[in-house]
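Features as listed in TrEMBL:
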| type | residues | note |
| --- | --- | --- |
| DOMAIN | 94-167 | domain 'Cation-transporting P-type ATPase N-terminal' |
| TRANSMEM | 143-166 | transmembrane segment |
| TRANSMEM | 178-197 | transmembrane segment |
| TRANSMEM | 337-363 | transmembrane segment |
| TRANSMEM | 375-402 | transmembrane segment |
| TRANSMEM | 836-860 | transmembrane segment |
| TRANSMEM | 866-885 | transmembrane segment |
| TRANSMEM | 906-934 | transmembrane segment |
| TRANSMEM | 969-986 | transmembrane segment |
| TRANSMEM | 1007-1028 | transmembrane segment |
| TRANSMEM | 1040-1056 | transmembrane segment |
Amino acid sequence: MADQTTEIKDSGRIQFQDLESNAARHGFPLQRQTTDMSIRTMSSVRSRAVTIGAQVAVEYRAISVKLDSESQKEPELKQKSHADELADELKELQWHSLSLPEVYERLQTSSTTGLSSSKVPELLKTHGANIPTPPPSRLAHKIFMYFFGGFGSLLLIGGILVLIAYKPLGNPPAPANAALGIVLLIVFVIQAGFNAWQDYSSSKVMNSIMSMLPDTCLVLRDGQQTQISSTQLVPGDILFVRLGDKIAADLRMLEVSMDLKFDRSVLTGESKPSPATVDSTDNNYLETRCIALQGTHCVSGSGIGVVCDTGDGTVFGRLAKLSSRPKKGLTPLQREILRFVFVICGLVFIVVTLVIILWAAWLRRSYPQWINVPLLIVDCVSVAVAFIPEGLPIALATCLTITAHSMRKNNILCKSLATVETLGSVSLLCSDKTGTLTKNKMFVTDFCIGHVKHTVPHSGAPTAAMLELQAVAGLCNAGEFDATTLHLPLELQKIMGDATDQSILRFAQSMSPVAELREKWKRVYEVPFNSKNKFMLSLFEEISKQDDESGEYVLMMKGAPDILLPRCGSVLLPDGSQAALSTGWRDHLQKTQIQWAMEGKRVLLLASKRIPKSRFPSAPNTAEFADQINATSVAGDLRLTGLVGIVDPPRDEIPGVIATLRGAGLRVFMVTGDFRLTAQSIGRECGIVTVPPDQVEDFASLDRNYKMEGKPGAKYIRDDNFEGAIVLEGSELMTLNDAQWDQLAHYKEIVFARTTPEQKLRIVKEFQKRDEVVAMTGDGVNDAPSLKEADVGIALASGSDVAIEAADMVLMGSFEGIVGAVRSGRTVFDNLRKTIAYLLPAGTFSELWPILINVCFGLPQILSSFLMIVICCFTDCVAAMTLAYEKPEADTLTRKPRNNRTEHLVDAKLIFHAYFCIGVIECVCSMAMSFWYMQRQGLPFSALWLHYGNVDPKYSPEFVTKITNQGSSVYFVTLVVMQFFNLMATRTRRLSIFQQPPIGVKYSRNLYLFPAIVFAIVIVFVFCYIPFFQKLISSTPVDVEHWFLPAAFGLGLLLFDEGRKYMVRRWPNGFLGRIAW
């Protein structure tokens, strides 16, 4: 009984009785104001708050949930997040629980005189001005990371060292070194620019906050009303609140008019005004009605409050500060890129160290003229240039942007580029039911009065009992008919309100006009339906008897049968009489509920009760009145008017979507507030539950002493072969221990029924603890905490602003868009791997070996460092960007989600393929072409091998340099041409080019490849055939035969990779299949 009383006290209360009080306290009249101004004020506030309201509301809802679930905290110690710390701070606030004398004492103020002006300067010095402290811009940190994040530091150091090698160390200075140094610095700046472009930051919070606070306010100081700047408010000020005022600080209400209400939408996201009280109505500081929060708006009535917190100490200030904090932690993609950077930097360090050791221990002594200090610096920088795929950041940013743009054209809006890739890793999707899996077009199909069941529409004239049911359905209802559609047939008339209220109101209208009914009754008090209480309560009085103090109120309730049935003491019979609600009647009604629930119907119970007004001596807007209503509603003497069965059919596409997601290795769970059997039935219709009904398990199947196989305390590993299904209710969920959660996480099919926002959040966290990548769908304000906590929060475009703000992704169309989102997420990861696999053979491996053979075998560096930059930043980079346009491969939605712990963007398989398959072929062919060309020009390979610069005197240094430069250009052209064919081969990981051709069929067409090839050819002509560049970087023209021979080698490379792919497809578990990237 006490729990039920608390439930109603915790609910929002709305008073409809317009009473006036002419009492003037402290010279300030408390009086009711006109409604028109309230509506205009709410609109203006909402329009000004649009930039900040939703974001702060997300934090508000998350913190409120944390406070409500404080008693259900996990026992283990863990590092607290900023939100957890803020929840702890708010839990310590006691202004709402203190009596007014205690408030005055703590703040050293008086309700009759206010603060003394002499105290204000000292308080301002202690508490500061009433303005939020702007967060640190972190501009310097951002700029630093733009330039030095990733490979930036290596490029900068390399550019500086090469310029030093040019001057002063160069003797004589080599212009090619100056050009290389300048190009490296240019690439360094370009990369920083792309990093800045890719940076996604929507935090303009503090700029919007200032517009949310009033300029001036009316306070009581030295016993006089004084108009002051809101920035000069201090704790202890007595503040007067009038209609239209924005609340300048957090207030403890001292006096309230009968109709004082605040619009809290900027914090809660809920548009319905919240009434104010003097006494506390909730232990949760954020939900109690005796605290007026900064940033909210007075939309009716007037009152007086004492300032208890200002500036950063207010709830609004704390939430805004939390909202503006930069997000900590890395997305899966950022972790993969960072891992790749570490791998490359490690390789650079190892090879550079080996080069320096070889030079210091051997070459410097044995061949002092071969490599001097400037050349050593250039060689070390060339190693870094060879290893670093300079085009990767540009290709990465382009790939993500292109994919996000493509998803937007398909009605999928990703708010962060990193979210695009995270979608491909999602292994678990928790979906809301109403409006997501179902059409959100509810209609009543059945109703039951006593033991008689009826179908809708009902034929014949309604009986007296039916009209009583119709009265409860029409009055205890937040829906309203749109007056502009009343001339249409009933099924086409538009109703404002949620889908449940719409269906009940339409049902009531089908029996008798609801407008006539509402003209006779006045709503006095209401507790709106919410997902925690699962009922709606309304109190009415007849308008014709509202002045009759000896008259009656009629209390009406509508909600879940399992919640309201215990509160009923009698039942309405079909003939209009009533009977005691015996055990037999309860069993009969519960059987009806179970029967309808198993048919997928949502069942609501309607009840009413007549109460003499004399039982409620308190005014309707007081906490005492609410307490009296609480006691009345749980007294167990309501009359059960009837049951109604509501159908909300699944969307037509849902079964196919669920089957597709399941084929892609995702588990899809349903999270709903519906009754267990209703949820299970809808889950079966949607394809979420597929096992026979008698095999669906429940809470009893979860063993509190469950232990996983292996050593005690072993890390959780899910059994993919387990096909179990289970249905749990929210109340059961909160009692599970870790062992039971481990066991639950094995189930393939789960339906969570009767869940609250706190329980949704718990579901997300528990599965994340078990290494699942969780996506959560939702559309309501209360879904915001779980959407924010999930790895990917998915909101519907039709959802609330708060849910959309909290989500990472917005579905502009139907639920079917999730399939496209998962496909795009996996495709972008595949395409990023393809990009790296394409860049590494030429941009790393084939550029590294000319340096190594120069140092180790005394051969000239057969590819100049400048041409290495040209390959990485021009010829390869543009081609790599075209891979972002590659279409998904056939197995994209038939393989399991990527395991973030074991499957990386760059792994040993990809390195092996890029370096030791494609890289070796390209490197050997390029070297062969280069040295063959040099031999044909009169400089044999034997004259250079192991000579370390001591060439036969018959080969003059000028001749050797000239032929080496020509050979370098041949190497360059060979590598560029072979990369054209590598580009075609890298388009697919397993499919043949004939299965996924780049031209022709639309599903695989990628026409951007060919302009990229033409661009690469143009770049070769620019750097090898224009005299200015020939002189600057010592390049030369290349004979036509050295264009066509590399094409033959490239064709061979393509055929080699086609053979490899065939064997991978033919024998996927064979050796090649196991090492395939």
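Note: Cβ is positioned from N, Cα and C throughout, glycine not excepted.
The transmembrane segment (906-934) makes contact with the transmembrane segment (969-986): 3 or more of their CB pairs lie within 8 A, with pairs spaced 6 or more apart in sequence. When Cβ distances are compared across the two stretches, the transmembrane segment (969-986) makes contact with the transmembrane segment (1040-1056), since 3 or more pairs at least 6 residues apart fall below 8 angstroms.
At the 8 Å Cβ threshold, with sequence separation of at least 6, the transmembrane segment (178-197) lacks contact with the transmembrane segment (1007-1028), having fewer than 3 such pairs. The transmembrane segment (836-860) makes contact with the transmembrane segment (337-363), as judged by at least three Cβ pairs under 8 Å among residues 6 or more apart in sequence. Outside the transmembrane segment (375-402) by six or more residues, the chain places 150-151, 154-155, 158, 161-162, 164-165, 169, 177, 180, 184, 187, 190-191, 194-195, 197-198, 337, 344, 347-348, 351-352, 355-356, 359, 417-418, 420-421, 828, 831-832, 835-836, 839-840, 843-844, 847-848, 851, 854-855, 861, 865, 868-869, 872-873, 876-877, 880-881, 883-885 with a CB less than 8 A from a CB of the stretch.
For the transmembrane segment (866-885), same-chain residues at least 6 beyond its ends with a Cβ under 8 Å from one of its own Cβ atoms are 176, 179-180, 183-184, 187, 190, 382, 385-386, 388-392, 394-395, 398-399, 402-403, 828, 831, 834-835, 838-839, 842-843, 847, 968-969, 971-972, 975-976, 979-980, 983, 986-987, 1006, 1008-1009, 1012-1013, 1015-1016, 1019-1020, 1023, 1033, 1035. Per-residue confidence over the domain 'Cation-transporting P-type ATPase N-terminal' (94-167) averages out at a pLDDT of 82.
Cβ atoms under 8 Å from those of the transmembrane segment (143-166) belong to residues 173-175, 177-178, 180-185, 187-188, 191-193, 195-196, 199, 337, 341, 344-345, 348, 373-375, 377-378, 380-381, 384-385, 388, 390, 393, 865 of the same chain, restricted to positions at least 6 beyond its ends.
Note on the domain 'Cation-transporting P-type ATPase N-terminal' (94-167): DSSP counts are 41 helix, 1 strand, 32 coil.
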